[in-house]
Amino acid sequence: MGKDQELLEAARTGNVALVEKLLSGRKGGILGGGSGPLPLSNLLSIWRGPNVNCTDSSGYTALHHAALNGHKDIVLKLLQYEASTNVADNKGYFPIHLAAWKGDVEIVKILIHHGPSHSRVNEQNNENETALHCAAQYGHSEVVAVLLEELTDPTIRNSKLETPLDLAALYGRLRVVKMIISAHPNLMSCNTRKHTPLHLAARNGHKAVVQVLLEAGMDVSCQTEKGSALHEAALFGKVDVVRVLLETGIDANIKDSLGRTVLDILKEHPSQKSLQIATLLQDYLEGAGRSAAVLEEHAQEDTAQETHLSSPAESPQKTKSETVTGELSKLLDEIKLCQEKDYSFEDLCHTISDHYLDNLSKISEEELGKNGSQSVRTSSTINLSPGEVEDEEEDPNSCGPTGLWEALTPCNGCRNLGFPMLAQESYPKKRNFPMEMEPSASLDTFPSENENFLCELVDTAVTKKPCSLEIARAPSPRTDNASEVAITAPGTSHHRNSSTGPTPDCSPPSPDTALKNIVKVIRPQPKQRTSIVSSLDFQRMNHNQEYFEISTSTGCTSFTSSPAASPPTSSVETTEVKNEGAEHADDLSQQEDDEPPKEYDAGQFAGLLHGSSPACESPENPFHLYGKRNTCEDGPDEASLANSPLPFKQTPIENNPEPSVKKVKPKVVSRTIFHKRNHQLENHTIVGTRMSRSGSRNGDQWGVNPGGFVERACTLGRIRSLPKALIDMHLSKNVSKSDSDLIAYPSKDKARVNWSKSSTAERSSKDNSERTPSFTSEWEEIDKIMNSIDVGINSELEGMNGETTRPRCPVQTVGQWLESIGLPQYENHLMANGFDSVQFMGSNVMEDQDLLEIGILNSGHRQRILQAIQLLPKMRPIGHDGYHPTSVAEWLDSIELGDYTKAFLINGYTSMDLLKKIWELELINVLKISLIGHRKRILASLGDRLHDDPPQKPPRSITLREPSGNHTPPQLSPSLSQSTYTTGGSLDVPHIIMQGDARRRRNENYFDDIPRSKLERQMAQTGDWGEPSITLRPPNEATASTPVQYWQHHPEKLIFQSCDYKAFYLGSMLIKELRGTESTQDACAKMRANCRKSTEQMKKVPTIILSVSYKGVKFIDAANKNIIAEHEIRNISCAAQDPEDLSTFAYITKDLKSNHHYCHVFTAFDVNLAYEIILTLGQAFEVAYQLALQARKGGHSSTLPESFENKPSKPIPKPRVSIRKSVQIDPSEQKTLANLPWIVEPGQEAKRGINTKYETTIF
């Protein structure tokens, strides 16, 4: 080694003495130590001494090495001997670049100030980066401060056109960003078309940096060729940044250079994050549209207040309205204050409830009494002309939902608790489904009802199913000029006003949970009402008795109403109905919450959760209402079966200011409404009516539909006629037209409870009502008809309620079903993917992930489909209710998949016992069933199976092919039966079974052992039996070099089962820089050192079971068998034994959430077991890789195993499994591993011993 190399090495290692010695001969002459001529000895020492600026092969000088390694004293010494600070290495880096990159502020100052050679702070490397770029990128704020003080130019851009501010924003260096924008605020306006600091920070999800940039004055809507910062945040799934940008007021409609908006980009990249971001965007767009509507309404309100002239009859109500308006104005101010200060939603609801109820109670009854019998003006009951209705619409402070909800809707927390978006519309034409408001009688009959009106509206809005509603008031063209109110659900009305904003597609977590939280604060009464419609009290206004029809369609509630044909009357009291479905749902939720926790200590296995797949977690369905079949039936039915009084319509009497009212005493009728769309007839809904008689039995509620009854009867396997008199009577009444979609029958017990409650209330109101003679005669006729058919109808409907079998004929096609829920555009999506029959699309068949996979990206539409599916019959699994098909053909015909019969038979699935053990992987790769709907139908029909029960294999096998092409299983060691690991538990019993199967497969009479049909025997004899196979490359061919030629296990072992090993879990370590096996070695050394520090630490080491399959590695607590975590095979990058202790091994996983790598370290019971685990991991990846290739070749890229569900644009990487020998051992130790089952070659057997290290690297 020459002196130059010695100097470089001394500078790198920090050997100050050696540097001093090597450079000491230069001191006197070079720095002018003497004035006379230099002695000859000194000149010779200079000639022989090292060059202080000498470089190595990378271009590093001694000063580079010292600056990079932080040797301050050597830097000073080198500068003292005139080392140059302005020599660049091969990549153009100067010593100041390296010091800044390292973050050593002292060395940076020395290089700048010490001399005699001074660093130039604006020097650039080959990538045009300055030292400020290096320091800013790695967040060295002290170095950045020094460089900025030295007037480093922060506008210099590197070869990627990035400034130091860009790099700091890109990597989230918050302090550096603050320092640079404080020193040079003009940098935020110096942007390129490629990027801006805001775009870079948004792309990587640095929320704090985004906020700092925006607060510093950066334009939130600045654009690049990729669009706005919102495009970047949405594309990379940064939900928090999207929220910040939207709150700042970014324009969500900006388009990128390709003309795409943010929503367009989200549609191109479907994922869970995309759905969340799309929901935020839609909420933002809806809020912006609503705010504009509020401003417009306020402007119209001012104009209307100046020009409107009220009649004398309206003046009393106007006085009261002004009083309420004054109080509500204070309330709205408090709501806005809540919004600004981000108060909790409970505080806001208390404000609404207390303020409104307290102030409305101040309105004295005397004031109402002064009105006499005059017709007063209210927002829902007054007889108004069309012009007056329009004026009233523009009053945002009225007692209706308009003013209150427009102020309340944007409040934080409203959407989370289930408040729908309410938008008021104005329609010039008559609606198809109006809620007709009848002319008002005297208001003094019920002076206290208005007090609860606002809360009733709030309660009603809150308790609807989670959907977006539109409440629209429209002028009525009827002769009595009564106003109309139509409340429609999306998808059911074709008259939506295009001026309203888009309806949010996201659904709140649970309507019943929201109701439970909200009713308590909005309506604090002794008896809380939990009805889905909150007991329709606001129609108890004596002047407003109309018929309500609550239709439940796919979880969304729509109110439609029509006048009922009945004689005039004064009032009828309303029956309260409690929603027991909500209480049941809450009970279900409580049961789930009360589930006992797992017994293992979470702290011991905390490291395993890094990079763990959420597959072990059971997702909690927020819609508890649809959790079980009973809830699925009862909840929606009770929403649609709310008991309401018989509607009475007051006949308008012209030329008479005071209508004459004659009291009658009718029997109160409880109505049960069933809806069924009939495409051949008009959408008539027939209402079955039961008379309430004291002392009579409490029968079931029932309903009939003349248009759809025969169809329903066919569904249930029986066709019968209905008495014509009953149909004619109901048709003549023309009660309502419904846009509802599904027949709903309540369960027997629930219906009887409801009937009992309603009968009690009806009997109490019977004495307070009278009937006119004509009305009496009509109902007497009804009574006779009811008595004649009562028993037959009830017994028949009891059979309907008890019927649980699958319908024998389809109720409707998929297209008709989708049209009924307002989503006909998805018919091709469902049909093309196997969801082609409504009978086989129940909740145990179709899931949200299925809809996402087939291309339904809109979360609101998926939610609507899933809620409608809850109302469809579930598939009947084999064995349910005695259903046991005797053959495969019979079973396939029963689920309408008879076309697959031949595929099942030729692949050996000849009996139902074999079918009950089939797995979805076999359906994809063996039976080639590519339609996900058909696969889900098959699995749902087979029912639930135990996970621990291995599937029975049909007479076919996935063979392991040797390089010679012979289709034989791997040759195992003859001493397999002797290699029993009593401690490790790794004896592979299925190997013996596999050998027997292989022998049978080689026997030409193999198929004679299995009972089969004539068709099967013919196919076996003619050679038509297809034997699908998966070919694994042997280890020595799949890797660069290895002494092993055969894998440890048969591939089916890793596909249908798993290989379980016991080991000790030592812990995990964060890998800052991924360096393959070096990283695993460092982690193993660190974990061993931690365990050796104390015996107490060793006692805490838990024992786990590693369950290895082609999907990945599951971690099972050996104590209680609970699954702790699961690492997918695609996230495992490297596995290796520790060279210092071969019984210790580790592998590296990637945590997808944090994007960090973690190394998990384990200790096996012996060296052999550690080697076997590492080899099994390599084989698991090879199996998964071959399965993925086979699935892709077969055109099933959308149905790959879950471990390979990557984006289609990325090719599947070829695995690099390297099992290499790194240590040669003494031949005397060769016999140690002679009996291992994976040792198959005697020649190779003698080449490996106990001290051999094997590594499996999987990338």
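Each Cβ is built from the backbone N, Cα and C atoms, and glycine gets one as well.
Swiss-Prot marks one residue of Ser35, Ser291, Ser353 as phosphoserine, namely Ser353. Record check of Tyr138, Tyr900, Tyr909, Tyr1110 in Swiss-Prot: the feature phosphotyrosine is attached to Tyr900.
For the residues Ser257, Ser553, Ser738, Ser1094, Swiss-Prot attaches the annotation phosphoserine to Ser738, which does not rule out the feature elsewhere. Residue annotated by Swiss-Prot as phosphoserine (from the set Ser117, Ser310, Ser692, Ser979): Ser310. According to Swiss-Prot, of the residues Ser311, Ser562, Ser311 is the one noted as phosphoserine. Ser507 is the residue among Ser507, Ser566 that Swiss-Prot labels phosphoserine. With helix defined as DSSP H, G or I and strand as E or B, the repeat 'ANK 3' (91-120) counts 17 helix, 0 strand, 13 coil. Outside the repeat 'ANK 7' (225-254), and at least 6 residues removed from its termini, the chain residues within Cβ reach (under 8 Å) are 193-196, 198-207, 210-211, 214, 260-263, 265-266, 269, 271, 273-274, 276-277, 280-281, 284-285. Secondary structure of the domain 'SAM 1' (809-875) per DSSP (helix as H, G, I; strand as E, B; remaining residues coil): 36 helix, 0 strand, 31 coil.
Per-residue pLDDT, averaged along the domain 'SAM 2' (883-948), amounts to 83 for this model. Long-range contacts of the repeat 'ANK 6' (193-222) within the same chain: residues 160-163, 165-166, 168-174, 177-178, 181, 185, 187, 228-230, 232-233, 235-236, 238, 240-241, 244-245, 248-251, 254, each at least 6 residues beyond the stretch ends and with a Cβ under 8 Å from a Cβ of the stretch.
Helix first, then strand, then coil: DSSP counts for the domain 'SAM 2' (883-948) stand at 37 helix, 0 strand, 29 coil. In the repeat 'ANK 7' (225-254), helix, strand and coil residues by DSSP number 17 helix, 1 strand, 12 coil. Per DSSP, the secondary structure of the repeat 'ANK 6' (193-222) breaks down as 16 helix, 0 strand, 14 coil.
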